[in-house]
Structure formats: C-alpha cells, structure tokens
Amino acid sequence: SLNDVVFPSTEEERHLRANDRELNLSYKYSDNAIKTSKYNIFTFLPLNLFEQFQRLANAYFLFLLCLQSIPEVSSLPWYTTVVPLVLVLSMTMAKDGSDDMNRHRCDKQVNNRQVEVLVEGELQSEKWMDVQVGDIVKLENNQFVTADLLLLSSSEPLNLVYIETAELDGETNLKVKQALTVTGKLEDSVEKLANFNGEVRCEPPNNRLDKFTGTLTLKGETYSLDNERILLRGCTLRNTQWCFGLVIFGGPDTKLMQNCGRTTFKRTSIDRLMNVLVLSIFGFLMIMCLILAIGNGIWEYQEGSKFAAFLPKGVNAPFSAFLTFWSYVIILNTVVPISLYVSVEIIRLGNSFYINWDRKMYYPKNDTPAEARTTTLNEELGQIKYIFSDKTGTLTQNVMTFNKCSINGKAYGELLDFSGQRVEINEVREKVDFSWNNLADPKFCFHDNSLVEVVREGNPEVQAFFRLLSLCHTVMPEEKKEGELYYQAQSPDEGALVTAARNFGFVFRSRTPESITVVEMGELVTYELLAVLDFNNVRKRMSVIVRSPEGKLTLYCKGADTIIFERLNPSCSNLTEVTTLHLNEFAGEGLRTLALAYKDIDPEYMEDWKLRHHVANTAMDEREEKLDALYEEIEKGLLLLGSTAVEDKLQDGVPQTIEQLSKADIKIWVLTGDKQETAENIGYSCNMLREEMNEVFIVSSTDRLLAATFYLSLPFDLTRTARRKMTPDGTEEPTVKKSRSGLFCLQKTETVADEPVNGEYAMVINGHSLAFALEKDMEIELLRTACMCQTVICCRVTPLQKAQVVELVKKYKQAVTLAIGDGANDVSMIKAAHIGVGISGQEGMQAVLSSDYSFAQFRYLQRLLLVHGRWSYLRMCKFLRYFFYKNFTFTFVHFWYGFFCGFSAQTVFDEWFITLFNLVYTALPVLSLSLFDQDVNDWWSFQYPQLYTPGQLNQYFSKRAFVYTVLHSGYSSLVLFFIPWAAMYDTVRDDGKEIVDYQSFALLAQTCLLIAVSIQLGLDTHYWTAMNQFFLWGSLSVYFAVIFTMYSNGMFLTLTSSFPFIGTARNSLNQPNVWLTMLLTSVLCVLPVVAYRFLRILLWPTINDKVRGRGSTHLSLDKVLPPTPRRVQARRTSTRRSGYAFSHAQGYGDLVTSGKFLRRTPKSRPALFSQTDSPLAQTQPQFYRTISEREEPPLSP
C-alpha cells in the first residue's frame, strides 16, 4: 500500500538550488525522461524468449525438442513439437511486442511534450525529457504538470492553484494548492524568477502521495515545506491562468513513477492446483516411461537376441532401455500439452469480455460500465466464501442529507399528527417553504416547519446553532452569478451541513484568509477569522475562533459526540442527557451524528494563545504535537448547542443483494471506519443484522487505555463467551489441520475447521478491541468466534486493520476472499484479498485503480458472483476435466500399444494426427464449450443462489476430480485400443485383401479416438449454440478432409518421407466393419458415463440437477426459491448510539488561513462544481424496490 514508503536509492536527502544546473547536475539526479518499456529492437528477441522459457511448460517442451534432435532417441519428427511450440511462443511474443510498442509510443509522446523553462534569464520551450532538477518551469491552464514541482507563484489570488488529479488517483474534483508567501511575491516577473536562488532540502524520492517534508532556504531565512506546496507529476492545472514551479523530482524519481508496478500478482486457486497437477503429471509420465523402458530391456534380452545376427553392433539391452525411456518421454508428452496454457488464457479473456459487455451491470446515471481490470481471476469469482465490504460509499451512497437536529434540548425534523404520533415522511408530504430566503438552495428539502419558525422568531440558541454551521468548516464557495452559490466541500457531510445553514437563513457567502462573510437572516456580517483548529483522525473535531463585528471572541467547535461531551462545561450536564436521548433516537434510523458546542474567549488570553500558536506553527520539530497541545488547552469548558443528524442513504438493492449472497452461503463482513453505533444501524438497514437473530455479540472497549488494562478480561472473555453460547458442547481448543501445499509441498498451511452452530448470530467489534484480538495468541479465538457468526461488523478500524482481518481469514480458513470498497482507505484491503472490487463512487477512483474488477453499484456484485463468477468457474472446470480426459486417453493408447510393438517407441497414430490433435481437431470445440456453456441461465442463477455453493467446496474440479478423470481416461483408452485391435485382427476386406496392416489400424484407432472425445464433449455441453455446433461438426469434417488429402497419391509423390500413409483412408473407410467398429467403441466409451449420470440424477441429484428439472424432482420449489425481499422499514427507536465518523481530511484549515495578502479582486472562474443539481441537498426519503434482473423467466437452456 502507499503507506509503505519505498526508498529506491541510497539517497538520504535531496539538496538542490534553483537556477543552478551545474550544482544540481553534480548530484547526478535523474532527468525528466521516463521509460516504461521493457525492450528495444536488439533486446526484444533474447529477453522475451528468456522470459518465456522461465515458464515450466515452455522449458519442458524446449527440452523435448532437444531430445528429438538426437537420432537415437527421437521417435517423432521434429515438427510435432516445433509447430505447437513456435505457435505458442509467437502468439505470446506478438502480444508482448504489441504491448511494448504501445509503451514506447506513450513514452515518446510524454517525453516530447513541450513546456516553457527558464534558461539563462529567458523562457524557452523545451521537451519534457530535457528538463532538469532545479529548473523553473511555467505551466499554463489545462497543462499537465511536468515533474514534481515546488509551487512558487500563480496568477490566482493568495497564490492558489487548482489542480485535477485524475491521472494520479482517479479523482476529478479539483484540489487546491498554495505557494509560500515569500515565493508568491516573485509573481510572473522573469527577472525576479531568474534571480531566485533558493535552496531546497527535502526527503529522497519515495512513493508517498500524501506527504512531503522539506525546507526552503532563501536569504538566510528557512521556510517549512509540506504537501500543500507541491504539484505532482500526473496532475492537470485547472482554472488557473499560469503558475511557476521549481523542479524537485524528475522522471523516475517522481511520486507518480514511484507508484508504478507495485501491485501484487494474484493467482487463482485453480492456477495453484494446476501447478501441482502438472508436476504430478510429470512424475506420472516418468513412471510410464520407466515401465516401458524396463519392458524394452526385457524384450531386447529375451527376443532381441534372436535378431542379433542381423544387427551390425549386436544387442545392448540396458542401453536400448535407456534410449527407449527418452523416446517415450517424447511420445507421451501429450499428457501436458502446451496448448493447455494458451487455451486457459483465451477462456479467461473471453469471460472477461462478458463482464465488460454486460448491460445489466452498466450504470447509466454515471455512464459507468462494469470492467474486468484483470483477466486472470475470473473463475475465482465462482468460489467466494467471505466478502469484506466497506460501508460508506459502498453499501451507502455517500450522499449526505441534513435530516434532523437537536437544539437546546428540542428535536426537530419529525412530523407529528394531532395525537402526537410520528407521521412517515415521504415524497408526497409538504416541504418547508424557503421562498423567504432569496439565497436558499432550491433543491434542499425539509419537512418540519417548526424549525423555520423558531429561526425566524429570533431564537438565540437556534440562531447560534446555524451560525456555528455557517462558520465552522473549510468549505470553499463559488459564486458565478449573484445568488448562485456552489460549495466546494472537503466531504459530503460538510456540504450538507453548510447547505442546511444556508437554507435556514445563515448563508456562508465568501471567505478570505482572515475573514468569513455570512448573510445572517438577510444581513451581511463579516467575522474576523483568528484561527482554524484543524481536523485530524486523532482529534475527530474541528474548531474556529472568530471575532464578531461587535468585538466578541467566540470558539465554535463541532465533532464526534463522545469527543465533544468530554470537553463540556459541567453546567451542561442536563442538556447533555436530553441530547443523548435524541442521539439515541437518531441512531435508531442509522443517521450520522455530530455534536456542536461553543465558548466565549477572553481577549487577553487570546492574545497570549495566538503568540504561542504562532511559535508552534513555525516550529520545525514536533510541530503537530505542539499544535495539538495548544488546541487541547483552548477546547475546554465548552457549552453545548445541540447535535445534527445526517443521513447517508443506502444504495439501491443493497438489502436484496446481501440477502441473495447470504443464501449462497457467502459470509459478509463489514469493515468500516465509522463509529460502532452507526455501522450497527446500517447493518440493520441492510438486513445483515436482524431482530430475529438469536443474539448480536458486542465486543467493545471505550478507549485504548481501557482495552489495554482489561485486555484479558474484555476482548478475550467476550469472544470466548460468545463462542460458548453458540456451541455449548464445543471443544475449548480449536481444531487446526496442518498440511502442506504448493509445488513440492514446501508451503505449510494451518486450517481452522468450521464449527457447527445452531441458530443465527452476529458480532460487532470495534477497532480498539480488534487491535488486541489480532495479536498472535488471540487471533485464532477471534477467528473461531467470528466465523461462527452469519454477520461480522468491525467498526472504527484503520486501513491497516482492514488488511489484517482479510489476511487472518486467508491464513487460517484457506477460503477465497473478496474485498469491495470505494475509497483510498480500502486500497490495502482490496490488495490483500484474493479478489479486489472497486466501486466508482463519491470518494474518487483510488479503489478502482487498485482493484481487479470495478462497477458503479454494490448491487451488481450479486450478478458478478452468482452469474459471471459461477459460469466462469463452471466453464474452466469443464474445460480442465475434458482437456485432461482427451489427452490422457490419447496418451494411454500409446502406452497400451507399447506392449504390442516390442516397446520400440513406435507411435500408434499417424505423426500428422499427433501434431494436429490438440491444435486443430479438438481446439475449437473445447473452446466453444468453455466460452458459451451455461448449466442454467442468469435468471435461474438468481432464483437459486444455492447453485453457487459447489464452487466454494471445489466440487467441480479438485485432486479427486482429476483422479476420476484419469481413471475415466484409462477405461476409454482400453476400449479405444483393444476393440479396434480385436476387430482388425485376422480381418480381410470384402475382396479378400488384408487390412490388418499398421497404417490401417492407426487410422481406425485415431478416428475412434476423435469420435469418442467429440461425443464426450457433446455430453458435457448443457447449452448448445450455433458456434458449438459449427466447431464440433466442423472439426470432424476438417479431420476427414485432412486425412483424405494427406493420404492421397499426390502428397505421397510430393513428400514421400512425410506422407507415407498412401491410400490408407480410401482403402479402410469403404469397409462396413470399420464403421461398425467405430460405432461399437463410441457406444462402449459413452455407455458408462450416460448410465452413471442417469443414476446420479435419479438417486443423488445435485442442486444443479434439481434446478434444471425445475421442481420435477424431490426438492420442492418452496425450499429453494428465495422469498420476496421485504421492504425495509426505518427503525425508529433504539438504545444504540450513533457516532458521526467525520469524513474530512486534514490540511484545509491551514490552507484557508495561510495567505497574507490579496493582489487583486478574485476574478470569476468556472464553477468548481460543474454539476448544478448537487446531490448534497437532496433530502427525499429513500424507498427500497426489488432489483429484478428479468421480468419473466425464460426457458431453461
């Protein structure tokens, strides 16, 4: 993750001087040219071949080719191996070459971009690749940032610049950066800039996008540099006429390039199983070759001596056996055909296109289709057992609406009838009329008129409440026309609160670094902004200190309710109790809450505090700690104003999706940074937590000290007590199965067995308890308890803890995991899981950029898993079973023939048939099966989520299934060899001529083989399409066309040595007994398969068989069809507290107060929010509807 800083070089500190190329070049820093390509025209062929032959299969076939070059060993012509090997290498080489050419093209395009550089006192146009560290460059509006720059000056007031970081992190909302005041005075004067000789000392190149530390020394003064002064390569300058910057990092040293290629390569469980199976097959191949070599030695010793007189060197049985061993290695190599790996990649690519093309996963509102960002993990989507989901923006919309509030002990936002009963708020209810406020947002909706009345009556507490909301924030306003206000908010929460204050008569109008202008009930009031006490993840609150026009000093504070309550004046105890009751009510509806408080400040104390604040703010060491101590000192003795309740609406279809996935026996864990109560209530809204559950276990500690003090007695005891309640008769010690896996069984694994549970349970655990529960000696106890629960909610967790929870399940459950999220805090979790899914939502695109699959809505997850995932897994398993079946059958026929040819390594088939069997005759039919087959269609996949469970249990392809496939191949090969052999033995044609020659037998055996494997393919196909029919019949037609062509007189006369089977086809295939033999072998091969499947469906039907029978078997539809999803009612009362997870970022507080001068009046710029129908103000209640994939069930395929 980006939290892991990478220092790629030994550089400990970067030192540079502006406009001094000679000094900067002496440090040998990287220039600004980038290179992402891997090859050049000279290195492409050797490097690419070297990379390809590092793959086990390719190296194996190269070894076979070397064996075939030895005349004493070679039993097959060289082209039987060269043709498929060259084809595979060429296809891979063409793909790699095309990709690298695109990289070269992109590199050239980027490196040749033009930018103005200050060289010898003049601005000159230079290529990006020629820019050096220490150069001063000029950027203009809509230009890409050339390198990592220290911002010096800009055309905007306060030296601000607006940048878009879409190419860096995917976010399209504009971000604000600001230059130092001392460099801002340089403006756009070329003379001043040319004389600028500031020296920068900063951190070495690293991959931290969110942090920068350094200092600027100018004229003996030292200034602190942080991330707010840096423009990163990959950003785009917006709404800014021009700016100047000093190059700090260039080319490969830029943070953009430092973050390239850090993603971990993921492999599927089938990939890992295939590696083990391929290694086992190699061993099996060696055993077969050894048996045949020993047989050759014995035969040579007993029978070969009789021919010794005719041989020039006599008979050497041991040496003959040695050569025969290697000859059979060549002949029997088809047990691991090279085309297996190519076919697997084609299948995965095709199934990825199905995801990209699926219109039912397309979100038209944002024009966002689903995207398979990797093509190597499709089948693992059909094996998911655990889903780890973020809450905000993933289950919810991350669109905040101001719904309710509590002011001075009175709650607002509910509608009551004449009897005092609550009335449900819906779309038809009358909305509050804000026409009295000319600056109100017309899209803001509120239904409680009493709040407007008390505001307009002049109630001092209510007005102070909204005054706080209009002053205490870091929102940036934009006013294109008079009265048309647009707010650039750091978080949707802040936008919703400031918009609410705006509609209730306290309109935030504009700000400067020293002042905030608010329209209060129609009157323009300007407050002097003395300090912003910024938000961070530890403080969980922010404050502003302002001076009113009357000279009154006030501190306004808002933050998480538990944090604010700790800092209240004791006189607020009664009000705190009432507000707490209101918070409990808001919690019952899953609302995010925030407490508001204020205090008046003595002017003398403020002067002293400001001096100490300035000293701390300019300190080079422990600046943050000193500021936190000052903030803690002044934020005491607060007076409570009330609380706000903001709704984060659920996305459409979330409860139904979770219900469907639960029926598929997928366990869903929610990992969120929100407070416990908020997450818990969203759990109830999503139907993850239900009243009918036996029990919901709460594992919680209030703070770090408490958790540390009662570590053994609280988290440990609570989890153990919960486990004992779920399994009263269970063992105290976990059942841990130790095993080895991987190639050569070198990887040790420990698996904690699942334990049976009676009833449904859920667990909620907070971050403090989780931190201790994840300790080495506690983690298995946590895992045992959590895995017994149907639902697990982890709240107040850090991004690192999210990844640790995923790793814990991966380590001890050996189950396939999926992580889904939408924000930067989910990236570590997404990378840790087997499958990472990103949702393109309100929090930018960081999660999408790190994910394997992406789409716009959580509800599409059920289609990704239950349809695409299940189909991909089913197709891949069918492909592997059939592929191993046909190739083992092909190889075993050779093995049996060895006992009839004196173990002489003679092939039973025509050499051209051996070459073309996998590449031509059986390639396309099995690909069509693997790309188009469906056991049931998508509608039935939704109706029967239980169809998903076989994939979780690896029922379709495993080591056991592989053994069954090998045994099936052994039986088929016995039939395919001995039936033709017996039928041809001592047989003559109708005209009395013999057809018992080797060539006629080879033709009959290979034809029977091809027909038998084609019939088996037909039996495995559930869903017939025109492509399946065309490829299957077409391949058989091509086979007969090829043998009649290759066995013709013309081919024999052209290349006699390569085409020796002259006339065999026309001589054999005109005999009825040959066709009867083909029929008999086909029936005997297929009969056991048909009989087994018939009895299995009749006596032991699987869920697939029952669904395909659509209720005609023993299982009734009532037991399988899911019930109609319930309409989720809002929970009105609860004892659960809801805490507001302040989704805000640190740093804007310093930004809005850091400028010290205005050069000119701010000019009108394009809106930072181009979207006029901002969702921040939409407060309509949400209604759930059933998300149906199709109106009527179509016919089953």
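Glycine residues also receive a Cβ, built from the backbone N, Cα and C atoms like all the rest.
The feature domain 'P-type ATPase N-terminal' is assigned by TrEMBL to 17-82.
Annotation comment: TrEMBL describes 276-299 (among others) as transmembrane segment.
The annotation transmembrane segment is assigned in TrEMBL to 319-342 (among others). Packing against the transmembrane segment (319-342) from elsewhere in the chain are residues 55, 57-58, 60-61, 64, 67-68, 70, 72-76, 81, 84-85, 88, 91, 278, 281-282, 284-286, 288-290, 292-294, 296-297, 300, 304, 883, 887-888, 890-891, 894-895, 898, 903-905, 907, 914, 917-919, 923: each is 6 or more residues past its ends and has a CB under 8 Å from a CB in it.
Under the heading Mg(2+) binding site, TrEMBL lists Asp390, Thr392, Asp822, Asp826.
Positions annotated as ATP binding site by TrEMBL: Asp390, Lys391, Thr392, Glu494, Phe535, Lys558, Arg592, Thr672, Gly673, Asp674, Arg796, Lys802, Asn825, Asp826.
Feature annotation from TrEMBL assigns active site, 4-aspartylphosphate intermediate to Asp390.
Annotation source TrEMBL lists domain 'P-type ATPase C-terminal' at 848-1102. Residues belonging to the domain 'P-type ATPase C-terminal' (848-1102) score a mean pLDDT of 88 in the model.
The feature transmembrane segment is assigned by TrEMBL to 879-900 (among others). If you look at the transmembrane segment (879-900), the same-chain residues 6 or more away from its ends with a CB under 8 A from one of its CBs are 270, 274, 288, 292, 295, 328, 331-332, 334-337, 340, 343-344, 347, 906-909, 917-918, 922, 926, 929-930, 956-957, 961-962, 965-966, 968-970, 972-974, 976-978, 981, 1005, 1009, 1012-1013, 1016-1017, 1020.
Residues annotated as transmembrane segment in TrEMBL: 912-932 (among others).
Residues 277, 877, 881, 884-886, 888-889, 891-893, 895-897, 900, 908, 955, 1001, 1004-1005, 1008-1009, 1012, 1016, 1077, 1080-1081, 1084-1085, 1088-1089 of the same chain, all 6+ positions outside the transmembrane segment (961-981), place their C-beta atoms under 8 angstroms from a C-beta of that stretch. Under the heading transmembrane segment, TrEMBL lists 961-981 (among others).
Feature annotation from TrEMBL assigns transmembrane segment to 1001-1019 (among others).
What TrEMBL lists as transmembrane segment is 1031-1054 (among others). If you look at the transmembrane segment (1031-1054), the same-chain residues 6 or more away from its ends with a CB under 8 A from one of its CBs are 910, 912-913, 916, 920-925, 927-928, 1003, 1007, 1010-1011, 1014, 1017-1018, 1060-1066.
Long-range Cβ contacts of the transmembrane segment (1074-1095) within its own chain (Cβ-Cβ under 8 Å, at least 6 residues beyond either end) map to 968, 971-972, 975-976, 979-980, 983-984, 995, 1004, 1007-1008, 1011-1012, 1015-1016, 1019, 1068. Under the heading transmembrane segment, TrEMBL lists 1074-1095 (among others).
Here TrEMBL flags 1163-1197 as region 'Disordered'.
The compositional bias 'Polar residues' annotation in TrEMBL covers 1169-1185.
The compositional bias 'Basic and acidic residues' annotation in TrEMBL covers 1187-1197.
Under 8 Å from some Cβ of the transmembrane segment (276-299) lie the Cβ atoms of residues 56-57, 60, 317-318, 320-322, 324-326, 328-329, 332-333, 335-336, 741-744, 895, 898-899, 902-905, 959, 962, all in the same chain and six or more residues away from its ends. Most other Cβ atoms within 10 A: among the binding-site residues Arg592, Arg796, that distinction falls to Arg592. Of the candidate binding-site residues, Phe535, Arg592, Gly673, Arg796, the one lying closest to Asp826 (Mg(2+) binding site) when CA atoms are compared is Gly673. Its Cβ taken as reference, Thr392 (Mg(2+) binding site) is surrounded by 29 other Cβ atoms within 10 Å in the chains shown. Using a 10 Å radius centred on the Cβ of Asp822 (Mg(2+) binding site) and all shown protein chains, the other Cβ atoms total 31.
The shortest Cα-Cα distance from Asp822 (Mg(2+) binding site) to any of the binding-site residues (Phe535, Arg592, Gly673, Arg796) is found for Gly673. Note on Asp826 (Mg(2+) binding site): other Cβ atoms within 10 Å of its Cβ, all shown chains, come to 33. Between the candidate binding-site residues, Asp390, Phe535, Gly673, Asn825, the densest Cβ environment within 10 Å is the one around Asp390. The ATP site in the record is lined by Asp390, Lys391, Thr392, Glu494, Phe535, Lys558, Arg592, Thr672, Gly673, Asp674, Arg796, Lys802, Asn825, Asp826, and its two most distant CA atoms lie 28 Å apart. Annotated pair Arg592 (ATP binding site) and Thr392 (Mg(2+) binding site), C-alpha to C-alpha distance, rounded: 11 Å. Per-class residue totals from DSSP over the domain 'P-type ATPase N-terminal' (17-82), listed helix then strand then coil: 32 helix, 1 strand, 33 coil. Rounded to a whole number, the C-alpha distance linking Asp390 (Mg(2+) binding site) with Gly673 (ATP binding site) is 8 angstrom.
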